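Worksheet: one structure, shown below.
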Amino acid sequence: MTTDDLRLAARGDAHALARLSAALKAQDLGELADAAVALEPAETARLILQLRPRRARVLLTLLDDTPSLALLQALDPSVSDVLLDREQQARIAKIVAKLPVEDAADFLAESPRDLVEDTLAALDHPPELVRALDHRNETAGALMRRRLVAVPLDWTISQVVNEIREQSNRIDRLYAVYAIDSERRLHGYLKVRDLLLLAPETRVGDAMHRDTIMVSAGMDRAEVARIADRAQLPVIPVVDAELHLLGRVTGDELRAIDRAEAEEDMKLMAGLAPDSSAADGPLQIVPRRLPWLAAGLLGSGTASFVVGSYEDALTEAAILASLIPIVMSLAGNAGIQASTVTVQAQASGGFWIGDLGGRILREIGGALLNGLIVGILVALAILGIAELIPIERPLDLGLTAALTLVAVTTQAATIGSLVPVVLERLGFDPAVATGVFITTSNDVMGVLIFFVIATAVYL
């Protein structure tokens with residue numbers, strides 16, 4: 001097969017995929033090896049995802065060391081976890097061992113746990129790499145890159161330009177040149193634009209910008225991303241407690257932070273542990289998901305207890321049972337909507353604690369209108385059905401449904417707006433609020449409100 005054939009297979013062409021699978025199955029790897037090496041890592045990654053794991057592993061063996069690493073970096077870690085058998089993990093570990101510490105840490109931070117352990121074992125757990133991996137994705141100090149251009153205050157622009165030329169092979173992207181003193185304390189920075197416009201003999205200390213926005217090495221990754229986003233910075237310097245320049249967090253790391261935070265919040269909203277992945281086996285799925293299911297079971301059990309306590313009411317008017325799913329569904333959805341909006345505002349830095357009262361009032365106002373509209377529709381539906389089948393006191397039943405839906409929508413929106421704020425104040429991730437907690441609490445409250453109103457209006 002040719003490289004073009006492989007590109008067709010990567011795009012899902014059935015004929016090309018069939019030929020490729022047949023070649024891999026028959027171990028006809030001569031021409032295939034040359035064709036695979038010519039692919040870009042992203043193309044190979046797409047091709048891997050079109051194949052069964054067994055065939056994909058054969059394809060991986062055809063790649064040289066550098067393309068193999070590039071391919072694994074292009075794949076999601078959960079895919080790599082399935083793709084790498086023990087033999088391939090040992091091979092990749094030897095390749096990673098030859099990389100510079102920062103590059104090795106970057107690669108291993110997004111790699112399956114077994115590969116990380118194999119690599120560290122092959123290198124006899126080197127302290128520098130272990131330190132770089134510790135909480136790699138959690139703090140600014142772990143995420144930062146140490147490759148940067150830092151120059152003394154008394155240097156001239158001409159000297160700075162020469163320094164950049166000397167380091168051009170070592171630094172991929174240059175956003176700023178940092179001005180430091182003899183003890184490496186950060187005093188300011190120069191933009192690339194400054195280097196083009198300033199006279200060559202101008203001293204760095206005279207021309208530098210002093211409004212430097214910096215972060216501490218121990219700052220949480222999410223806060224680093226918020227600061228950079230708020231100030232619209234493509235890169236942000238990292239310092240210690242005494243303002244010694246340690247490194248920089250670049251745009252690549254900032255985008256990775258945003259992606260990781262979004263993925264973590266999405267998992268929490270779905271009632272999953274943050275470290276859950278598609279590659280989890282049964283023994284990993286159970287501890288990562290069962291606690292959330294148990295919490296949901298507790299909430300559902302409480303709701304069932306509330307329903308059971310109104311057994312006499314249901315016996316007297318069994319038709320009330322037909323409205324319970326509507327009430328629980330609307331309460332859960334309204335709560336999730338309100339909490340999701342609040343969590344998104346908290347994550348993006350757009351949440352204004354001083355406007356909390358106004359935000360809640362706006363949510364309540366919107367919930368009242370939504371509940372009223374849905375309540376009227378359900379009441380009209382009840383009246384319409386009463387024309388087809390006999391329903392006792394349909395007008396009272398419709399009024400019960402309408403009042404209940406207005407009430408549960410309002411209380412659900414209020415709880416959904418408040419709980420993420422309370423959780424954040426207590427030091428918990430507010431994304432937890434949009435999962436099992438909001439759904440189950442609103443189920444219980446919704447059913448309770450329904451029976452209270454039904455008792456007063458219909459029974």
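Using N, Cα and C of the backbone, Cβ positions are placed for all residues, glycine too.
Over in TrEMBL, the protein carries these features:
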{"type": "DOMAIN", "residues": "144-207", "note": "domain 'CBS'"}
{"type": "TRANSMEM", "residues": "364-385", "note": "transmembrane segment"}
{"type": "TRANSMEM", "residues": "397-423", "note": "transmembrane segment"}
{"type": "TRANSMEM", "residues": "435-458", "note": "transmembrane segment"}
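Under 8 Å from some Cβ of the transmembrane segment (397-423) lie the Cβ atoms of residues 319-320, 323, 326-327, 330-332, 334-343, 346, 351, 353, 356, 359-360, 363-364, 366-368, 370-372, 374-376, 378-380, 382-383, 391, 429-434, 437-438, 441-442, 445-446, 449-450, 453-454, 457-458, all in the same chain and six or more residues away from its ends. A Cβ distance under 8 Å defines the sequence-distant neighbours of the transmembrane segment (435-458), meaning residues of its chain 6+ beyond its ends; these are 268-271, 292, 295-296, 298-300, 302-303, 306-307, 310, 313, 317, 320, 323-324, 327-328, 330-332, 334-336, 339, 393, 396-397, 399-400, 403-404, 407-408, 411-412, 415-416, 419. DSSP places the residues of the domain 'CBS' (144-207) in helix, strand and coil in these numbers: 20 helix, 18 strand, 26 coil.
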